[in-house]
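Data block below; observations after.
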Amino acid sequence: MKKVLLLLACTIACVYGENYCAMNSTAQTSCLISGSVCALCFEGGDLVWHLANWNFSWSVILIVFITVLQYGRPQFSWFVYGVKMLIMWLLWPIVLALTIFNAYSEYEVSRYVMFGFSVAGAIVTFILWIMYFVRSIQLYRRTKSWWSFNPETNAILCVSALGRSYVLPLEGVPTGVTLTLLSGNLYAEGFKIAGGMNIDNLPKYVMVALPSRTIVYTLVGKQLKASSATGWAYYVKSKAGDYSTDARTDTLSEHEKLLHMV
C-alpha cells in the first residue's frame with residue numbers, strides 16, 4: 001500500500017513539477033518515477049507539508065460536504081438543503097473564475113498547452129451555466145414557480161385545487177401520479193402539498209411541466225372514504241404539449257384551462 005501511495009504522489013509531482021516538489025536543497029525540482037528519487041520528493045516536498053498541516057481542516061471540510069450531499073433534502077433538513085443549494089449555485093461562477101484566472105496565469109508563463117486546456121474548460125463551464133439558466137427560465141415560464149431555478153429540478157408537478165396551484169419539484173417524469181388524501185391533507189410523492197381538503201376538491205387532472213413541454217395526467221381511478229376525508233387518486237399520462245400550468249382565472253372551464261397556451 002505504501003508503494004502505491006508513493007507512486008501516486010510521485011505521479012502528481014511529475015505532472016505538476018515545481019508546485020508539489022519544490023525541494024529545499026539544490027537537488028532537481030522535478031520527480032522521476034524511480035524508487036529513491038520519488039521517495040525523496042514525497043518525503044521532502046510541499047505535498048507532505050500541506051497534508052501534515054492541513055489534514056484536519058480538509059477532514060472537516062469533507063465531513064461537511066458529505067453531510068450536505070447525503071442529508072441535503074427537504075425531508076431531512078431545510079437548512080442543510082439550503083446550504084446545498086447555495087453551494088450548487090456558487091460552484092458555476094467559482095469554477096468559471098478559476099479557469100479564467102488559470103488561463104491568464106498559464107499564458108503569462110508561456111505554457112500554451114495548459115492555457116488551451118484552461119480556455120476550453122472556461123468555455124465548457126460558461127456554456128453549461130447558460131444552459132442551466134435557459135432551462136430554468138423555460139420551466140419558470142410554464143409554472144411560475146421559483147422551484148424552476150433549483151439545480152436539481154428536472155420537472156415540476158402542478159396540482160390545482162381549492163382555487164390555488166400547488167407545485168412539487170421532481171427529479172424526473174413519473175409514469176403515473178398518485179395523490180393521497182389523509183384526514184383532509186393532500187400528499188404527493190410523500191410530501192404534504194395542501195390541507196383542509198375533501199374528496200370533492202381532488203382535481204380531474206394534474207400536470208408535470210418540463211422545460212420543453214407539459215405532460216397532462218388524467219384521473220383514471222380513486223378510492224375515497226368521505227367520512228374521514230381519506231383515500232387516494234391515480235393519474236396516468238394522457239397528452240403532452242405547450243400548455244401552461246397556471247390558469248389565469250377560476251371562471252375558465254376544465255377544458256379551457258387545459259388548452260390555455262403559454
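Glycine too: its Cβ is placed from the backbone N, Cα and C atoms.
For reference, Swiss-Prot has these:
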{"type": "REGION", "residues": "237-252", "note": "region 'Interaction with N protein'"}
{"type": "TOPO_DOM", "residues": "19-47", "note": "topological domain 'Virion surface'"}
{"type": "TOPO_DOM", "residues": "69-77", "note": "topological domain 'Intravirion'"}
{"type": "TOPO_DOM", "residues": "99-112", "note": "topological domain 'Virion surface'"}
{"type": "TOPO_DOM", "residues": "134-262", "note": "topological domain 'Intravirion'"}
{"type": "TRANSMEM", "residues": "48-68", "note": "transmembrane segment"}
{"type": "TRANSMEM", "residues": "78-98", "note": "transmembrane segment"}
{"type": "TRANSMEM", "residues": "113-133", "note": "transmembrane segment"}
Beyond the flanks of the transmembrane segment (78-98) by at least 6 residues, Cβ under 8 Å: 67-69, 71-72, 122, 125-126, 128-129, 132, 150-152
Residue numbers, six or more beyond the limits of the topological domain 'Intravirion' (69-77), whose CB comes under 8 Å of its CB atoms: 83-85, 190-191
Distant-in-sequence neighbours of the topological domain 'Virion surface' (99-112), which means Cβ under 8 A and at least six residues beyond its ends: 118-119, 121-122, 125
Stretch-averaged pLDDT - the topological domain 'Intravirion' (69-77): 77
